[in-house]
Amino acid sequence: MPRLSEVITALDALWPAERAESWDAVGTVVGEPDQEVSRVLFAVDPVQETVDEAVGLGADLLVTHHPLYLRGTTTVAASTFKGRVVHTLIKNDIALHVAHTNADTADPGVSDALAGALDLNVVRPLVPDPSDPEGRRGLGRVCELTHPLTVRELAARAAERLPATAQGIRVAGDPEATVRTVAVSGGSGDSLFDHVRAAGVDAFLTADLRHHPVSEARAHNPLALLDAAHWATEWPWCELGAAQLDEISDRHGWDLRVHVSKTVTDPWTAHVASAPTSSAMGAPN
C-alpha cells in the first residue's frame, strides 16, 4: 500500500504544479505524507457533499479539480463552510489534493476528456502552451467530427453524453447549421473567443458564457456557441484522472481502489423555460 507522498508524486508528474497559472492554488491542501492510501475519490468540487461522499466511501485521498482556497484566508474554523470541510477531512484522515489549471493545460487534460466524452477527434490545443515544443499542451482543444452534425444534433449529443444538469445546453446560432469542426474548453471559456475565431471552427462548446461576449462573438461571424454547465464540462476529467491513476497503481502494484464522484455539485438546481409566445408575462409589447 503506497504512502500519500508516493501517490502525490505520481499526481504531480501528471499535473506539475509549476504549470498552473500564477494566481491558482493547486497541490496538497490537507494530508500527512506518511499516511497509507488505499482508496481515492476524484471530484470536481471540494465541497461538503463530496467530502461526505469520501468519508462514506472510506477514501484516504480526495482529488479535486477546483481549489478549496483560491484566495487567502485567516480562519479554518468549523463554523465556516470551508473550515468545516477542512475539519471533516482531518478528522477522517482524508488528504485533499487539487489539480486545476495545471490539469486544464495537461496532455491529456480537461478539454481532452471533454472531447472524448463527445466523441470528437482532437487535432491540437486551442491555445498552445509555448513551453511545450511538441505543441500538445495548452488550453482548450480544436477538434473534428467523424461525421458532420447540425448544431442541434451536436447540442443533443452534449446533453446526452455530459452529466445531467438543470441548465442543459444553451445554443447561440442557427440550430440547423452544419458542424464539421469544434473547439471545446472545459470550464469558463468566453475569454477564448479570439482564439476560437482564429481557429476557424464551426462551433465552440464551453461553459459560463456571458451576454456581452456572446453578442460580440456572434457579431464577428456566424460561429455557433454551445454553453453547458461549468461542472458538467469538467466532470469527464475526473474519469480521465481516475483512469490515469489506476494505470499508475497497476504499474507499481499499489492495488489502489480509485473512484469517481457521482455527486452533482453544479450549484444550479432547477430550470424553468420561458413561455414560447410574445404574449408571455414580461415580454416586450
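Placement of Cβ uses the backbone N, Cα and C atoms for every residue, glycine included.
As recorded in Swiss-Prot:
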BINDING   H65, D104, E234  divalent metal cation 1 binding site
BINDING   H66, H230, E234  divalent metal cation 2 binding site
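Between H230 (divalent metal cation 2 binding site) and H65 (divalent metal cation 1 binding site), the C-alpha separation comes to 12 Å.
The number of other CB atoms found within 10 A of the CB of H230 (divalent metal cation 2 binding site), across every protein chain shown, is 23. H66 (divalent metal cation 2 binding site) counts 19 other C-beta atoms within 10 Å of its own C-beta, drawing on all protein chains shown. Taking CA atoms as the reference points, H66 (divalent metal cation 2 binding site) and D104 (divalent metal cation 1 binding site) are 11 Å apart. Apart from H66, H230, E234, the residues listed for divalent metal cation 2, the same chain places the Cβ atoms of V44, D45, H65, G186, G187, A207, W231, T233, W235 within 8 Å of the centroid of those Cβ atoms.
Every protein chain shown contributes to the tally, and the Cβ of E234 (divalent metal cation 1 binding site) ends up with 26 other Cβ atoms within 10 Å. For D104 (divalent metal cation 1 binding site), the Cβ neighbour count at a 10 Å cut-off comes to 25, with all displayed protein chains included. Other C-beta atoms found within 10 angstroms of the C-beta of H65 (divalent metal cation 1 binding site) number 26, with every protein chain shown included.
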